[in-house]
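TrEMBL lists 2-114 with the feature domain 'PLAT'. Summarising the annotation, TrEMBL assigns Ca(2+) binding site to 17, 75. Annotated site 'Essential for stabilizing binding to COTL1' per TrEMBL: 99, in sequence order. Residues annotated as domain 'Lipoxygenase' in TrEMBL: 114-663. According to TrEMBL, the Fe cation binding site annotation covers 360, 365, 541, 663.
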């Protein structure tokens, strides 16, 4: 009994308000009361209500809201509700951050995170169960291609739950930017039909001048062995390089190359021999583009780590050996310059395929989608791990549906211009799925397995380890300690165990066979798993996304397709190279989408800087603030380090790492 002051916050976007009436109820431990006034949340900002409540509610548990459907029905985005009144001991915070649609009724719980076992009086049990029942109806697992980890159900963005679709600022930026690049391509791409590439310098015609300083450096230095080797450490795809433990079985050295054999064995013994093996591409059926056959290779590159930290290529084998055939040709730095250059171009084209499909799409986008769908299906909004993870799922489901609809779909960009399109890309994704081990998603394990922990010139490795440590020690562990006081608390949390199993067994199609956990038995296991989820949705995606414009703006450094088969002799001319590279129109289409997808996002949220507050109380806010401070320190240190580097590495700088997979 008494007066309650209620504030209702509408979202900041232009379309967040609604002309429809909204009815509110307060639900306390002693009962429920309807508030006599209805609000019409037309504008951004807060609506304040002062209500006399004639009944004693006791401790407030929930705010119930119902949006009435009018003649002109419009959705409403509610950020949060606060209530102050008898027995509240200040303002009580009820986070929402979701759309309220049609004749929908929603229940908002107070923002203190609560595990199901903490609810000893079962005050919220019915609410949790109903929320999860409703969520599982709208967040359903779909199927895209057989043998691939599962996506959200739906073929278009309109099939998604409203909360997973772009807000209008993101939607407007995406649509207008896409329309602009397609318009430019339609105009300039038509003229490309009349133009032929006669020499390598002709690709300057489509080079986006002034886009990035590094792209200009790549255009100037792409032929150099040092830059070729550097890309395996710190380029667009730093996920393939590994230290050799033995000479690869596929490497067949002819008798006349005894000196090379000795050199390789010497580097192997010294621990300075590295390899990049593209065997995943072996046997992939290449695309046919406008009735012309394209080609795919499966190279092996052996590299030497120099004392100054640079990587020097020692040899390139473009195809694995075939039974009954002569050993494949080996290309060496001492070969005629054009032959060696063509071999390196083949490697760069192969790296383009694995980067875009395995490292970027599968390990970044699709893995983040599995985590997000499983979380929405398994954890109620009261759960501390839900509150911790939800900011890292923003826009992921829609951007992935758009990718499946436009990039890797039938007649999509891959089919139109990439040598592994028209089915080969699906084959690669299916093969790569078998390589999705738990260890490979945890940088301390992945970098140890690949022998990169002590390679100081691997700036990716240094930054990935540092960022993993900050996310794990300064954020996840401190949050987990607030809500799980012992290992028993973890083991006895049924919702947590369902969530873990939903990711591993369902979304990852039996990921336990590749080391992913089926259950979580300790705080340490929980922290590692949650850190893996956050790192995957943020830093791991950034490391393979942000470098696209830098490294692929100069087409010969990352050609999307090859129009001639791999060379079988070392008698190579510049004309042979040009004839193998993409046509000018293919190159322009590659450039068009590289610019569109690789551009810095104007609507972006940096890691750890989401505005939504899902936790109430000072302790979680203090943990987030400390996390942000640690990220700021790392950001400044990278800025200082990069100022002294010939080639700065920016892709894991916290201020440019996005808080979720949004592009």
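Cβ from N, Cα, C; glycine included.
Where the annotation comes from TrEMBL, it is an automatic prediction and has not been curated.
Values in this document were obtained by computation on a predicted structure and should not be read as measured data.
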Roughly how many angstrom lie between the C-alpha atoms of residue 360 (Fe cation binding site) and residue 99 (site 'Essential for stabilizing binding to COTL1')?
30
Determine which residues of the same chain, besides 360, 365, 541, 663, have their CB within 8 A of the center of the CB atoms at the recorded Fe cation site, and list them by sequence.
361, 364, 368, 399, 544, 545, 661
Specify the count of other C-beta atoms within 10 Å of the C-beta of residue 365 (Fe cation binding site).
21
Among 17, 75, 99, these being the recorded positions, pick the one whose CA is nearest to that of residue 365 (Fe cation binding site).
99
My understanding is the cutoff is Cβ-Cβ under 8 Å with a sequence separation of 6 or more in the same chain; which residues meet that for residue 17 (Ca(2+) binding site)?
10, 41, 42, 43, 44, 74, 76
Relative to the Cβ position of residue 99 (site 'Essential for stabilizing binding to COTL1'), how many further Cβ atoms are located within 10 Å?
21
Count of other CB atoms lying within 10 Å of the CB belonging to residue 75 (Ca(2+) binding site):
16
Do any of 75, 541, 663 (binding-site residues) have a CA within 10 A of residue 99 (site 'Essential for stabilizing binding to COTL1'), and if so which?
75
Rounded distance in angstrom between the Cα atoms of residue 541 (Fe cation binding site) and residue 75 (Ca(2+) binding site):
32
Distant-in-sequence Cβ neighbours of residue 663 (Fe cation binding site), under 8 Å, six or more positions away:
399, 545, 597, 601
Segment-level pLDDT (mean, integer) for the domain 'Lipoxygenase' (114-663):
95
